[in-house]
Amino acid sequence: MKIVGAFLLLLGLTWIIPAFQNYQLATVAAYLCATAGLTVLTGQNGQLSLGHGALMATGAYTVALMQNAIGVLVLSLAAGVLVTTAAGAVIGVAAARLRGPYLAGVTLAVAVVVPGIATMFDDVLGGDQGLTFYLAPPPFGYDFPFERWQAWIALGAALLTMLLLGNLAASRFGREFRAVRDDEIAAKLSGIHVARTQILAFVVSAAAAGLGGGVLAVLAQSVSPGAFSLTLSLFLVMAIVVGGLGSLAGAVWGAILLVALPDLTARVTDVFALSSAFAQRLEGNLPLAIFGITLIVVMILAPGGIQGLVRRVPYRLMVIAPLLRLVKGR
Amino acid sequence: MRKLVLPIAMLLAVVGCSSESGGGGGASVPGVTDTEITVGTHMPLTGPASAGYSQIAPATKAYFDFVNAAGGVHGRKITLNVKDDGYNPANTQQVVRELVLQDKVFAILNGLGTPTHTGVLDFLNSQRVPDLFVASGSRSWDQPGKYPGTFGFNPDYTVEGKILGSYVQKNLAGKKTCFLGQDDDFGRDSLAGVTGVLGDAGVAVKQTYTTSVTNVGPQIDAFKSNACEVVILATVPGFTALTIGTAARQGFAPQWIVSNVGGDYNTLAKSLGDAAPLLEGLLGANYLPTASATSDPWIQLFQKINTEYNAGAPFDGNTIYGMSVGYLFVQVLQAAGKDLTRESVIEAVEKGGFTGPGLGPLRFSGDDHSGYGGLRMTRVTDKVQAYFGPTYETDSEGGPVTEYTVAPPAPPANGIPAAA
């Protein structure tokens, strides 16, 4: 229940922090839905997906179309999750028959094809320009800051996702996920239906990604294919690896990184007095490079990701503290 | 579940800490102090549309530096905060929020791109941020009832399409005319203007492209197999160059007629490199003095500023465009007076009466938020893009295309618009 407490604290925080931080917090929460889902799939069930950005797009476009058709946010988000769940089931059935690079290939194809669909059916989906949609003002009156309201929506979605996925991981299904990840043959011998378990993991993961995508659309009040490029899919995988593969806490780190790193790189280019043309060129490409370098560094220094590192810190401190005492004693 | 507490606590700490930097104090007008005005913009400094366009904001900045060196406007120096959106609407959403919510800019000036800027209209409107002189000719900017703070700069694409269409009607009659447009309001508004004059049947083949797909081979195939003789392009510079280059490779050489946003000779010649001679005979339309008109006093002024304040960057249509925007903005600030507020600046624009280097009329008023209302045809001859014929004006509805005979005034002696 500590997690609920922490989220309540975050909700309270949205009263204090300024609008842009609320927007960033909401973005972290939206990404968290997707990284948490991907953590269940990749970290706990051992299936790699390079197509989760596309699943987020599926949720986002569904929300946009539903908002324009009916305009009830809860219904739109629910529809986004449902449609993505269906898409996840289709991909999941294929995925359950594929392993390693083949699975990566299929999901990669999904990541490439889905944004293309938006440009193909441009009269419905708006092409590269995307779709904008109306979002009702907060139910607390027009003076209520819009970004705080958006943060509440996003934090609510993230809380729901984390609670459900956390309970799932602790349940019989969670144990089956991990059994299949660790050794498929052993799992099969223990009476676990491997394919069904894998499909279930994919469906759950897709549903979470769909919700994340839908919330992301709500934050921008628009969707466009550029928000869900192949780069996003790759970023999501990198984020959960750097964050700490396998634990939902790692997914939180990953979501924070997805928002913080591009921001940080912009700041870094500001600090160095670079020629403006060079800084401009850098700013477009630097986040990718920094993410890549971070990935390499983390893999070498802390194979368990940030969460793995954090888990080791108290132990390290316990070693260092007596040493310090020795030094001081003399 | 207990493991989650630490990352969430960190998140709390991070978000909590950064809040201090964001607090803007109790300033009455965002982005305005007694000594400074901060405005922001979003530009494609990288990505598919960056060719040429990445030079616009530095040119605007250079004009502001020129004005700042002379003491600024009403004692305030102008700072332009430029953010790269890579011509990706999703990034525009992000950077414009950063400019408005985090950096607390006074206004958004000359945000570039039809697909990109369309996505932030509602946000800017809900935040009551003046959205001045959008760098695009989409008709969306001209909706005073829905978006009271948004004003265009470019002639809208339908106005331009009508003028290009009427040129074809008069001078290239009987030739099979085709059209390639960007797959968004840019291409659609432009096509509406062209067919408004030539009729739907007057455009034999209509094709579109998206900036995320850098291959226009199939579109060229369609033009070639239908024996198009004239092709009108509503394309950004990178795609104008791509189209002309691809067509040459496929042995297809129609008469090209290019929209002003994608027809600057110097930008295209740089993109095409050795293939620049393909641009000979290229027709287009424009409404600002061309870089080749070295005797034009505006060009002399802008060249001087470019040398002194823009590190002598390549002087082309983008530079002229960026400085023209800067000039108009300074003119508006002068008109808005010393007590600068978001309301007073919008009032000042709506009062109208602005002039500048542009050839057509600037007709801002309470119920007209579009930008320039006229253009003149250009042709490339011996590597020089020059104007010919009269300047035309028209509206974006069914009105006729007529000649506009008022010549732009000379710039003020010191290069800075005087206070109203």
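Including glycine, each Cβ sits where the backbone N, Cα and C put it.
Residues or ranges marked as transmembrane segment in TrEMBL: A:69-95 (among others). Taking Cβ pairs closer than 8 Å, the transmembrane segment (A:69-95) reaches residues 47, 49, 51, 55, 58-60, 62-63, 103, 106-107, 110, 134-136, 153, 157, 198-203, 205-207, 209-211, 213-215, 217-218 in its own chain, all 6 or more past its ends.
Look at TrEMBL and you will find A:102-121 (among others) tagged as transmembrane segment. Residues 47-55, 57-58, 61, 91, 94-95, 127-128, 130, 224-226, 228-230, 233 of the same chain, all 6+ positions outside the transmembrane segment (A:102-121), place their C-beta atoms under 8 angstroms from a C-beta of that stretch.
Taken from TrEMBL, the feature transmembrane segment covers A:149-170 (among others).
Marked as transmembrane segment by TrEMBL: A:199-220 (among others).
According to TrEMBL, the transmembrane segment annotation covers A:232-257 (among others).
What TrEMBL lists as transmembrane segment is A:288-310 (among others).
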Beyond the flanks of the transmembrane segment (A:232-257) by 6 or more, those residues with Cβ under 8 Å of it: 28-29, 31-32, 34-36, 38-39, 42-44, 48-54, 56, 107-108, 111, 162, 165-166, 169, 291-292, 294-295, 298-299, 304-310
Long-range environment of the transmembrane segment (A:149-170) - Cβ separation under 8 angstroms, sequence gap at least 6: 3-4, 7, 10-11, 14, 22-23, 25-27, 29-30, 32-33, 36-37, 39-40, 44, 73, 77, 137-138, 140, 177, 204, 208, 211-212, 214-215, 218-219, 248
